[in-house]
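Features reported for this protein in TrEMBL:
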- A:N71, A:Y74, A:E75, A:C129, A:T164, A:N214, A:R219, A:G230, A:I231, A:K232: Mo-molybdopterin binding site (BINDING)
- A:92-248: domain 'Oxidoreductase molybdopterin-binding' (DOMAIN)
Amino acid sequence: MPAYRPPRIAASEITPNAVYLQRREFLAAGAFGAMSLLSTHRSEAAALSTVSSAYKVDETPTSREDVTTYNNYYEFGLDKADPAALSGDFKPLPWAIKVDGMVGKPGTFDLEQLLKDFPIEDRTYRMRCVEGWSMVIPWNGFPLAALLDKVEPLGSAKYVAFETVVRPEEMPGQKSVFQSLPWPYVEGLRLDEARHPLALLAVGLYGETLPNQNGAPIRLVVPWKYGFKGIKSIVRITLTDTQPVNTWQAANAREYGFYANVNPAVDHPRWSQATERRIGESGFFNAGRHPTLPFNGYADEVASLYAGMDLRTNF
Amino acid sequence: MKPTLRSSLKQWQPTLVWLTYAVGLAPAVWYFYLGATGGLGADPVKTFELFLGLWGLRFLILTLAVSPVRDLMGWNFIAYRRALGLLCFYYILLHFTVYLVLDQALDVTAVLNDTLKRPFIMFGMAGLAMLIPLALTSNRFSIRRMGAHWIRLHRLIYIIAACGVLHYALSTKVFSMEQLIYIGLIIALILYRSGRPILRNRKPRRYLTTSP
């Protein structure tokens, strides 16, 4: 069985980021200007100008390498390495998000404009996957609440529904004979959850625009919930008065709920949620197991949202 | 008489059986090396664990395929079946060891809780437990001593195969194409075995004749 071995690259051989970012100018300036046109179709990380924020967990961030090569994004394939390997054809720009439903000012928002309207914050969050592994990720983004304020939700709106793009020609997992899930991938939050300051619309990580495999160009991050709530490549947000069904709940309601709050006391029917393997820390001879914390360590901030609720039945 | 391909194969058979063990264990050694030197990606333990389980299933499929291949295609690999069966056992034992030592860090309480509470782990453990007596009696001495009991005992492999399929099918969030292929193959092999006595009646004594 062939195994992939990452090449060893000496630090001296790595092009400095500033030089790398100028490569198009270099090409355009030369006689091979046409070549730069070819590169416009590829998605490439671009630096974001960001502001700092108070939302930073005091833990070592997972390496950029691990964050961008170990992904669950079934639109590109089921294997953790598939999204990085098979998302090269995906075109994240231009991009627009339609916001509709029970809002005073529905509209379609161009991503470039949103990036100008809102300051992009640096936020380092824990990320806990329902499968039992976790990371610490330095995201860049703006609060979901900021976008919701723009559209003025009506008093009758109780929930927010999200939808991922459907592009079989660019997303191999949506095109293959064997379909793992029905598309589009959908998710939902209660409006008060969506308005919580921790709920983030991420447009980048490690100070650069999101790679395709991480949900380019814009994705949801709700750090106190399991990772599958963080819907990627969002094209539509709908305010509604009925609780939306999310993709995983529709696939298996016994195992995945609407809330999906991280909870070490409520096991997945097929595996324990009491501990997690921290990616990067867990070497071959060191399982790197951490105890899983209620609400993924964000209980002080979010537990009040669920006061009086039975978290065993509302899992 | 001129030596035929068949007879020269027979002459080399002991060597080829040992070669089967060596080649069969090579993937485990290679992946262990990759894991120990940081070559198995972001989640090396999980990758290694899954890899060992998959190779266990592959050798299980090869073991079960020996009889159908002989019946349907006339190729006789019976001399290699013990090696294939034992390789399946070694991989499943390694799969369990990695789960216990590298994944769960020898937290016996967690492993016991998992075994009692989670059907997919229960099926896996049951399969491993049943493989042990088969591995212990995979030798000439036991075959001679146990006679007909040996054959009856070794029919357990079909129950083990069913446990393996359930363990694999219940372990993931959604079925992948690869998973469906493995599950389909094992179900086909179990069904073939349950239909085999009928085939046997149609062609009596075929397996009792010894080659000259």
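Glycine too: its Cβ is placed from the backbone N, Cα and C atoms.
Predicted automatically and left uncurated, TrEMBL annotations should be read as such.
Within the set A:N71, A:Y74, A:E75, A:C129, A:T164, A:N214, A:R219, A:G230, A:I231, A:K232 that the record links to Mo-molybdopterin, no two Cα atoms are more than 19 Å apart, and one pair reaches that distance. In the shown protein chains, 23 other C-beta atoms lie within 10 A of the C-beta of A:R219 (Mo-molybdopterin binding site).
A:N71 (Mo-molybdopterin binding site) is surrounded by 25 other CB atoms, counting those within 10 A of its CB over all protein chains shown.
Under a cutoff of 8 A between CB atoms, and with a sequence separation of 6+ in the same chain, the neighbours of A:I231 (Mo-molybdopterin binding site) are A:F162, A:E163, A:T164, A:Y185, A:V186, A:E187, A:G215, A:R219, A:L220. Within the same chain, residues at least 6 positions away in sequence whose Cβ sits under 8 Å from that of A:E75 (Mo-molybdopterin binding site) are A:T164, A:M171, A:G173, A:Q174, A:W183, A:Y185, A:K232, A:S233. The secondary structure of A:E75 (Mo-molybdopterin binding site), as reduced to three states from DSSP, is coil rather than helix or strand. As a whole-number mean, the pLDDT of the domain 'Oxidoreductase molybdopterin-binding' (A:92-248) in this prediction is 96.
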